[in-house]
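Annotated features, as they stand in TrEMBL:
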type	residues	note
DOMAIN	A:5-230	domain 'Glutamine amidotransferase type-2'
ACT_SITE	A:Cys5	active site, nucleophile
BINDING	A:Cys246, A:Cys392, A:Cys443, A:Cys446	[4Fe-4S] cluster binding site
BINDING	A:Ser293, A:Asp355, A:Asp356	Mg(2+) binding site
Number of protein chains: 4
Amino acid sequence: MREECGVVGVVQFDEEPHPVPSALRIYYALYALQHRGQESAGVTVHDGKEPHTLKGMGLVPEVFNKDELVGLKGNVGIGHVRYSTSGDSRIENCQPFIVKYKSGNVALAHNGNLVNGYELRDQLEAEGHVFVANSDTEVLAHLLVKELLKYDPVEAVRNVMKQLNGSYSLTIMIDDMLMAVRDPVGFKPLCFGTIDSGYVVASESVAIDTLNGKLLRDVNPGELLIFRDGEIESYQLFEEKYCAHCVFEYVYFARPDSIIDGQLVYKVRERIGERLAREHPVDGDMVSPVPDSGITSAIGYAKESKIDYEESLMKNRYIGRTFILPGQAMRETAVRLKMNTIGQNIKGKKVVLIDDSIVRGTTSRRIIDMVRNAGATEVHARIGSPPIIAPCYLGIDMASREELIAAHKTIQGVEAVINADSLGYLSVDGLVESIGIERDHLCVGCLTGAYPVEIPGEDMCQRRQLKLNEF
Amino acid sequence: MREECGVVGVVQFDEEPHPVPSALRIYYALYALQHRGQESAGVTVHDGKEPHTLKGMGLVPEVFNKDELVGLKGNVGIGHVRYSTSGDSRIENCQPFIVKYKSGNVALAHNGNLVNGYELRDQLEAEGHVFVANSDTEVLAHLLVKELLKYDPVEAVRNVMKQLNGSYSLTIMIDDMLMAVRDPVGFKPLCFGTIDSGYVVASESVAIDTLNGKLLRDVNPGELLIFRDGEIESYQLFEEKYCAHCVFEYVYFARPDSIIDGQLVYKVRERIGERLAREHPVDGDMVSPVPDSGITSAIGYAKESKIDYEESLMKNRYIGRTFILPGQAMRETAVRLKMNTIGQNIKGKKVVLIDDSIVRGTTSRRIIDMVRNAGATEVHARIGSPPIIAPCYLGIDMASREELIAAHKTIQGVEAVINADSLGYLSVDGLVESIGIERDHLCVGCLTGAYPVEIPGEDMCQRRQLKLNEF
Amino acid sequence: MREECGVVGVVQFDEEPHPVPSALRIYYALYALQHRGQESAGVTVHDGKEPHTLKGMGLVPEVFNKDELVGLKGNVGIGHVRYSTSGDSRIENCQPFIVKYKSGNVALAHNGNLVNGYELRDQLEAEGHVFVANSDTEVLAHLLVKELLKYDPVEAVRNVMKQLNGSYSLTIMIDDMLMAVRDPVGFKPLCFGTIDSGYVVASESVAIDTLNGKLLRDVNPGELLIFRDGEIESYQLFEEKYCAHCVFEYVYFARPDSIIDGQLVYKVRERIGERLAREHPVDGDMVSPVPDSGITSAIGYAKESKIDYEESLMKNRYIGRTFILPGQAMRETAVRLKMNTIGQNIKGKKVVLIDDSIVRGTTSRRIIDMVRNAGATEVHARIGSPPIIAPCYLGIDMASREELIAAHKTIQGVEAVINADSLGYLSVDGLVESIGIERDHLCVGCLTGAYPVEIPGEDMCQRRQLKLNEF
Amino acid sequence: MREECGVVGVVQFDEEPHPVPSALRIYYALYALQHRGQESAGVTVHDGKEPHTLKGMGLVPEVFNKDELVGLKGNVGIGHVRYSTSGDSRIENCQPFIVKYKSGNVALAHNGNLVNGYELRDQLEAEGHVFVANSDTEVLAHLLVKELLKYDPVEAVRNVMKQLNGSYSLTIMIDDMLMAVRDPVGFKPLCFGTIDSGYVVASESVAIDTLNGKLLRDVNPGELLIFRDGEIESYQLFEEKYCAHCVFEYVYFARPDSIIDGQLVYKVRERIGERLAREHPVDGDMVSPVPDSGITSAIGYAKESKIDYEESLMKNRYIGRTFILPGQAMRETAVRLKMNTIGQNIKGKKVVLIDDSIVRGTTSRRIIDMVRNAGATEVHARIGSPPIIAPCYLGIDMASREELIAAHKTIQGVEAVINADSLGYLSVDGLVESIGIERDHLCVGCLTGAYPVEIPGEDMCQRRQLKLNEF
Ligand SMILES: Nc1ncnc2c1ncn2[C@@H]1O[C@H](COP(=O)(O)OP(=O)(O)O)[C@@H](O)[C@H]1O
Ligand SMILES: Nc1ncnc2c1ncn2[C@@H]1O[C@H](COP(=O)(O)OP(=O)(O)O)[C@@H](O)[C@H]1O
Ligand SMILES: Nc1ncnc2c1ncn2[C@@H]1O[C@H](COP(=O)(O)OP(=O)(O)O)[C@@H](O)[C@H]1O
Ligand SMILES: Nc1ncnc2c1ncn2[C@@H]1O[C@H](COP(=O)(O)OP(=O)(O)O)[C@@H](O)[C@H]1O
Ligand code: SF4
Ligand code: SF4
Ligand code: SF4
Ligand code: SF4
Ligand SMILES: [Mg+2]
Ligand SMILES: [Mg+2]
Ligand SMILES: [Mg+2]
Ligand SMILES: [Mg+2]
């Protein structure tokens with residue numbers, strides 16, 4: 001499963017340049033959000049006169065060097081880490097995306113996906129707009145500039161949001177004014193807090209922690225924040241009836257130490273494990289996580305089931321970009337390179353293996369085979385989320401419907417493919433209750449096939465959001 | 001605590017070049033041993049006519065690229081990863097170290113430290129030898145070549161070993177003949193196993209696992225193995241009375257999934273945790289590891305104490321080489337960048353914090369402060385090893401005596417410095433019993449100040465090894 | 001004196017992919033034009049479906065590698081090398097500049113400078129256009145796309161040209177259709193020729209030579225060429241009364257082996273030398289060039305004056321990007337690093353030193369001092385162009401008016417500053433006659449202060465071009 | 001024809017660190033010697049306590065960066081640039097070569113080739129020496145250290161020289177003492193001069209010029225210089241009967257502005273051109289050089305013959321490392337990329353083409369074909385050296401005997417192969433007289449097949465040097 005994006009915004013209200021430059025703070029915050037995107041990273045700061053940008057392909061420490069960062073002058077700035085995709089990973093698509101227009105500069109960092117991105121781009125092209133990249137972010141920039149030519153920033157953002165369908169957590173700089181926007185249903189996380197003499201906005205609260213800041217709260221769905229003259233102005237541009245927080249942030253994406261929409265991810269995962277133990281008990285000898293994503297749920301499962309928590313798989317902490325040659329032998333080596341079995345722990349045992357989710361099933365199969373070969377007498381798979389039966393259109397690049405194993409097979413079918421002695425998925429209710437947020441305020445589109453926003457060719461869920469024209 | 005080195009040797013006995021080139025297998029094995037050294041990496045293979053080498057500064061994936069690796073012809077080879085040190089990290093010191101002499105080439109990869117390295121170098125220099133690097137490995141190469149001019153490989157190795165005092169686990173190629181040697185008391189690990197149509201020798205069994213190989217056994221202390229003509233020849237060159245296996249391999253260095261001298265590291269650490277719970281019980285609300293080194297012992301402590309295992313610290317998986325600016329605020333940022341607290345788990349709790357060892361005490365202090373600031377009412381430190389009171393001369397670059405906090409302070413003193421509500425170190429007996437090897441066969445030099453080999457200015461332990469001239 | 005830009009276009013009309021890929025041909029052509037720009041280089045090819053681009057900062061061999069180039073599929077493409085400037089050398093400003101719009105893609109490579117570039121940008125911004133870079137090329141792209149939404153390519157280009165004031169030699173791809181455009185007065189060179197089964201357009205004929213092609217002719221001022229279906233279509237969109245070919249292409253910029261607007265640069269420079277010998281004879285012992293720019297004129301001067309041609313200065317062929325420390329001693333080292341005197345040739349001689357032009361005078365001063373210190377009894381400076389008294393607004397980044405020594409000093413004043421025994425500049429008439437093109441068809445703006453196009457705050461020359469609104 | 005190596009030594013006798021660090025001066029000197037080697041570069045300085053080295057593959061500006069260079073502390077140092085060879089271009093072979101031995105460090109930089117290098121290596125290996133590289137320099141280091149263990153530096157050098165057969169111009173540091181040595185017959189150039197408060201030794205005087213120094217004189221063949229305590233000590237260790245200065249330094253290798261053994265290279269080449277005009281007059285319309293190596297001789301030929309000097313070939317100044325695809329068309333492109341014809345100058349002319357030498361003849365053939373295709377009615381080749389009929393064993397990697405066209409063909413044969421209307425080689429006497437040094441003091445081994453030192457399997461010239469055992 002591929003990860004998505006992370007956004008940051010920092011403003012410092014001192015007269016003098018702050019001892020820790022904004023660019024450096026953004027750099028640290030991006031480090032804390034690195035798990036949200038490893039393909040590219042970027043920082044744009046504004047010194048009151050003009051913006052300065054550093055961006056490039058690679059991990060945060062590869063893209064930035066100290067001298068360049070410290071040389072980026074400005075008390076306000078935004079940052080971005082971008083997920084890895086095989087598709088269109090060109091330097092032009094790196095963010096922040098900066099444009100110049102009549103009245104100045106606009107810089108944007110975006111996490112999410114516009115369902116009507118292509119439509120909007122077509123409309124803009126029909127009006128004569130030209131594009132240099134192929135990202136939603138460029139579309140957002142053009143829409144925003146168009147409105148800024150006629151309206152003040154608040155109206156401009158409102159008018160842009162009226163046209164958007166999809167997920168977006170944004171940090172924006174209009175010249176040196178920092179703003180943050182979250183879509184009306186709050187798909188993707190976005191929160192803010194204080195740092196000494198300033199503020200920070202970020203995709204996850206861990207970025208605020210890293211800066212020794214204090215989390216104030218989540219940005220509300222539909223809310224626009226403007227950080228101006230030492231103050232935070234809040235504009236609730238859209239009053240949502242229901243939210244649609246992505247459940248997979250809790251299940252997999254977010255760091256366990258982040259608090260998202262009021263819920264500590266660690267606690268959610270632990271409750272998932274406990275619930276899973278109740279929904280799918282098994283008479284096992286040991287409970288083991290598939291590291292790292294299964295760890296916290298496995299702790300919960302062990303606690304609830306009173307079965308010993310014991311590691312059976314060890315993950316190589318150093319596996320980054322590697323390469324393998326073609327051939328079956330090599331493919332197995334590749335798996336072993338990433339994950340090794342601890343034979344003595346497993347031998348002769350009935351192992352309860354906890355993972356967060358199953359996408360294609362191929363990795364699960366390989367891992368279960370490894371555990372069996374290491375001597376387990378039984379392997380029972382317990383999954384901390386319901387079957388993924390439909391694709392995500394809201395910013396998570398998981399897999400196409402064809403590739404999703406649970407879109408085509410019954411649970412028994414999946415059990416057979418992954419070669420488990422038994423397979424237990426968490427129920428949708430179980431997941432919702434573990435998260436601790438009402439189902440009406442969560443997106444479970446990929447788990448049910450019914451989405452909280454209108455998606456051409458897909459169902460719309462009952463307690464649905466307003467359509468665009470109803471705003 | 002800095003890590004040390006890892007060595008590998010691979011031989012494939014097919015006539016034809018094997019589908020998976022030896023160089024590639026060594027590369028994978030080094031990946032599995034990356035935790036033993038992140039500063040440099042190298043591979044030397046021999047194609048029957050001449051050796052070919054790739055080495056450089058950096059992590060395994062940084063040093064090697066696919067095209068170059070696959071181009072390295074040869075069915076036999078050795079590899080090395082080197083630990084990170086501020087001192088003398090020049091390209092000349094990268095290993096394998098290859099020399100040409102009268103009869104051909106010798107390549108060596110070394111893990112360990114010669115106590116009499118400088119002495120031997122002086123002797124060689126007095127005889128007119130010249131050196132290009134400043135490593136023990138170069139001394140070993142010169143000694144070996146000197147003997148090879150007069151003796152066959154087995155006698156040559158025996159004669160070299162007679163002169164050595166210290167730790168050494170070596171993989172050696174004399175032209176295209178692979179050898180492995182372990183010092184007479186077996187300080188550092190070294191084991192070997194089969195792979196399809198060949199053999200692999202490595203510092204830890206995880207390297208064998210990664211190649212889908214089968215661990216045969218540890219190389220015996222004092223043993224020389226020669227892999228020749230499809231066979232393994234064993235020469236027990238020195239029959240040791242006592243071994244001196246380094247206990248810190250179990251406590252900290254080795255990967256948990258490695259089996260060293262018959263003991264699975266994971267199990268040892270778990271027993272350490274259990275024993276620690278008995279030696280230093282505490283009425284806590286939760287048991288938490290300092291990740292990653294405290295994880296397995298914390299699992300054991302929790303099991304034995306029946307206190308809940310709960311994470312209180314989250315480690316950033318992506319922190320590699322970063323940089324910070326001077327200043328107090330920045331130093332705190334650096335700690336937070338690496339490790340974050342999970343406030344909701346900790347708040348109002350009595351936390352039992354498990355780590356493997358305390359060297360200088362500064363990191364422990366910072367971590368305990370962080371946990372306190374996150375709301376813990378009490379923080380009880382439990383350490384999976386006895387106090388380190390003396391330096392290591394056998395290959396582990398921990399710290400000088402001046403820097404070792406326990407060399408100068410009582411346990412109460414350390415407790416005060418690290419700001420713990422209570423501090424409990426594992427006893428030496430506790431450690432020995434957890435490892436499951438008789439004390440007489442372990443090195444505990446840094447824990448007692450009495451070393452298993454003669455070290456100028458330090459005590460020699462009772463059940464001592466033979467001195468050099470007694471061999 | 002900084003150099004400017006070079007453009008290339010290549011089309012191959014074979015069905016099958018041509019044995020030498022277009023991208024590779026463009027690469028070779030850019031190599032031949034490297035003297036026109038060393039800061040960045042880029043290639044865009046189109047495979048019939050979509051464009052593919054490689055660009056980056058640095059010299060041609062630094063930007064492109066073989067594998068990437070050969071992987072760029074497409075039978076048609078354009079290329080660009082960009083001059084070195086301290087100002088705004090960001091990756092965004094690298095060319096070709098590619099935009100997507102309603103009907104497809106447009107890629108442009110531009111050599112020249114728009115006098116009304118900022119004005120046009122302001123107009124576009126007022127209409128809501130947003131920009132990502134700050135180059136004229138982006139303005140050209142927006143203007144062209146705007147017209148393409150309403151008109152066919154020929155009309156679109158005509159409409160764009162109507163709005164432009166300044167110099168532009170362009171290669172353009174609208175999807176996979178190659179076009180070439182030269183401004184109505186032909187400031188900058190642009191020519192085209194045949195290669196096997198296709199065509200090549202380039203800033204200088206040496207690029208055609210390098211591809212073993214045959215120069216057909218210069219693109220006419222005001223002409224649009226479309227390379228379509230194996231044919232060249234010519235559209236003379238503007239019928240100019242006078243041309244305004246930049247004289248500095250002949251004096252300095254272009255390669256001696258290029259033929260520009262019918263004149264071989266080498267021959268022009270030789271005639272400059274001969275004329276200079278007649279205008280400013282001197283009783284010298286030897287004629288020496290300041291290498292490389294003075295070489296050809298020095299050959300001409302020697303021939304005409306019958307004084308021996310002898311080298312007195314040797315240029316280091318390897319000086320690229322170097323660095324010096326602050327301080328006087330170091331600055332002298334920097335000059336010596338680039339250029340050394342040949343003492344024995346100079347000693348006791350009256351040296352006639354030929355250079356192409358004087359901009360600031362500082363380098364001339366240093367060189368003359370060096371020649372004196374090497375033992376010359378007299379140093380007579382002879383310059384192959386008239387005094388530069390005004391800045392260039394048409395694409396040559398020479399210097400500001402303040403920095404131009406001849407804008408503030410008489411010839412005697414300059415003579416004193418550069419410490420020459422005598423100084424002789426070529427007359428404007430001498431230059432014009434050496435070039436062999438009527439004065440009315442040349443730009444001599446920087447030599448007279450009267451420009452062939454309207455420039456705010458500067459004079460307009462008599463035989464002036466039509467103003468925009470007169471077209 | 002490949003180039004060879006360049007060596008440098010710098011010492012500054014100030015108490016305080018000198019304003020321009022020695023490392024920086026060496027860097028500038030290497031820049032001036034870059035034409036002698038483009039494969040690798042290195043600097044070693046000594047700060048009184050220990051040596052510090054920077055070296056690597058590539059051109060001088062690629063290997064060194066400012067911060068690292070300025071950080072290299074020490075008032076004394078040596079440097080090296082190494083020629084490009086396809087064979088054994090490994091980092092281990094980069095110079096300076098530094099070894100540690102009993103009493104300290106020895107660093108060497110070597111230009112030349114030992115005829116008995118392998119023999120000496122065999123002897124050393126038989127004595128138990130081990131080697132890490134495969135260069136003569138390592139052999140020299142071992143020999144020197146061996147003697148230094150028994151003798152003072154002067155005796156040590158003398159004893160080493162007694163064992164050497166071949167060419168060597170060396171700069172050496174024994175700890176922080178700088179020395180320079182030239183072989184007894186002075187094959188390769190080596191000279192020294194003053195810089196402010198110190199001295200510089202270098203392969204060519206241009207390096208001294210670049211440092212604003214003053215050439216004192218050449219190092220005598222057989223001389224050892226020691227730069228100690230602000231003084232230069234001279235030891236004439238061997239009193240040679242005849243010298244054997246390499247004539248190809250004058251013909252091709254050295255920079256024209258260098259003075260070698262009293263002769264300015266520029267003047268020698270000019271005289272070569274004049275002599276060639278007398279030996280091989282031709283009724284041509286123009287005299288043209290093959291740039292760059294033919295330029296100075298062409299100036300001389302033109303002067304003597306009174307035929308106009310006119311360029312017919314233009315060399316691309318930017319061609320560095322490029323790549324071409326296989327195939328005939330591409331090979332021609334590669335030639336055109338490097339060198340272009342100036343058609344208008346050539347058309348209908350009888351061209352006298354001057355080059356320095358012919359090695360394989362393939363490039364000459366291609367160039368003459370190009371000139372013909374550009375319209376020349378006749379092409380007469382005049383070569384500034386006699387036919388090369390034998391290989392060089394003294395440090396110039398020209399070609400093997402098989403590849404040398406003149407080793408197998410008569411002059412008419414060569415004329416036919418290169419497709420010239422006529423071909424004239426300079427006579428050996430003509431060359432000797434142009435150089436201005438008696439034939440007895442020059443090496444002309446590759447021109448006659450009789451070498452000034454004993455070479456197994458080759459003739460020894462009459463006026464021969466003493467054999468080793470006669471010293
Ligand atoms: N690939 C691996 N997988 C799991 N654990 C590992 C791996 N490599 C090393 N370890 C363990 O990680 C611990 C070191 O972790 P930690 O203390 O977090 O590192 P640090 O050295 O940065 O303090 C050691 O106990 C070691 O055994
Ligand atoms: N810095 C971090 N520290 C701890 N856990 C993290 C961190 N970043 C991400 N995670 C968690 O790691 C999990 C991903 O681990 P894993 O499944 O092993 O990765 P992969 O994507 O390679 O399968 C996610 O659940 C995520 O929440
Ligand atoms: N820095 C320099 N300046 C001028 N001439 C040089 C310089 N360095 C080397 N040369 C001369 O250039 C000639 C080599 O030029 P050329 O034949 O064009 O090169 P090659 O054929 O090796 O590419 C030699 O005669 C050499 O003396
Ligand atoms: N490839 C080339 N071959 C020969 N001459 C060139 C080449 N490229 C540019 N030139 C000429 O070199 C001159 C610039 O040389 P010079 O004055 O030495 O450079 P600089 O710009 O460093 O002062 C120009 O006159 C230009 O026409
Ligand atoms: S469809 Fe699934 S992954 Fe996508 S936003 Fe909704 S819950 Fe999250
Ligand atoms: S002294 Fe300590 S670290 Fe060193 S080998 Fe002995 S037990 Fe291991
Ligand atoms: S002003 Fe001068 S440099 Fe500019 S285009 Fe005219 S002649 Fe050329
Ligand atoms: S053989 Fe030729 S190239 Fe070699 S040193 Fe003698 S003259 Fe020079
Ligand atoms: Mg996972
Ligand atoms: Mg640790
Ligand atoms: Mg010039
Ligand atoms: Mg040449």
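Glycine is treated like the rest: Cβ placed from N, Cα and C.
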- Item | A:Asp356 (Mg(2+) binding site) versus A:Cys246 ([4Fe-4S] cluster binding site) - Cα distance in angstrom | 15
- Message: Rounded to a whole angstrom, what is the C-alpha distance between A:Cys446 ([4Fe-4S] cluster binding site) and A:Asp356 (Mg(2+) binding site)?
- Response: 15
- Note on the structure: Quick note, the residue listed as 'active site, nucleophile' and A:Cys392 ([4Fe-4S] cluster binding site): C-alpha atoms separated, nearest Å, by 15
- Item | For A:Cys392 ([4Fe-4S] cluster binding site), nearby residues of its own chain (Cβ under 8 Å, 6 or more apart in sequence) | A:Phe248, A:Met398, A:Gly445, A:Cys446
- Taking only the Cα atoms, work out how far A:Ser293 (Mg(2+) binding site) lies from A:Cys443 ([4Fe-4S] cluster binding site), in Å, as a whole number. 21
- Message: Tell me the Cα distance separating A:Cys443 ([4Fe-4S] cluster binding site) from A:Asp356 (Mg(2+) binding site), rounded to the nearest angstrom.
- Response: 17
- Task: List those of the binding-site residues A:Cys246, A:Cys443, A:Cys446 whose Cβ lies under 6 Å from any atom of ligand 12, in sequence order, or write none if there are none.
- Result: none
- Task: Count, for each of the recorded positions A:Cys5, A:Cys246, A:Cys443, A:Cys446, the other C-beta atoms lying within 10 angstroms of its own C-beta, and report the residue with the smallest count.
- Result: A:Cys5
- Would you mind giving the whole-number mean pLDDT across the domain 'Glutamine amidotransferase type-2' (A:5-230)? 92
- Message: Neighbour count, 10 Å Cβ-Cβ cut-off, for A:Ser293 (Mg(2+) binding site): what number do you get?
- Response: 20
- Does A:Asp355 (Mg(2+) binding site) have same-chain partners at least 6 apart in sequence with Cβ under 8 Å from its own Cβ, and which are they? A:Pro289, A:Val290, A:Ser293, A:Gly294, A:Ser364, A:Ala381, A:Arg382, A:Ile383, A:Gly384
- Query: Which recorded positions from the list A:Cys5, A:Ser293, A:Asp355, A:Asp356, A:Cys392 come close to ligand 5, meaning a Cβ under 6 Å from one of its atoms?
  - Reply: A:Cys392
- Query: Cβ within 8 Å of the [4Fe-4S] cluster site's Cβ centroid: which residues qualify beyond A:Cys246, A:Cys392, A:Cys443, A:Cys446?
  - Reply: A:Phe187, A:Val247, A:Phe248, A:Leu394, A:Ile396, A:Val444, A:Gly445, A:Leu447, A:Tyr451
- Note on the structure: Near ligand 9 by the Cβ criterion (under 6 Å), the binding-site residues from A:Cys246, A:Ser293, A:Cys392, A:Cys443, A:Cys446 are A:Ser293
- Query: Beyond A:Ser293, A:Asp355, A:Asp356, what residues of that chain have CB atoms within 8 A of the centre of the Mg(2+) site's CB atoms?
  - Reply: A:Val251, A:Tyr252, A:Pro289, A:Val290, A:Gly294, A:Ser297, A:Ile354, A:Ser357, A:Ile383, A:Gly384
- Message: So, three-state DSSP: helix, strand or coil for A:Asp356 (Mg(2+) binding site)?
- Response: coil
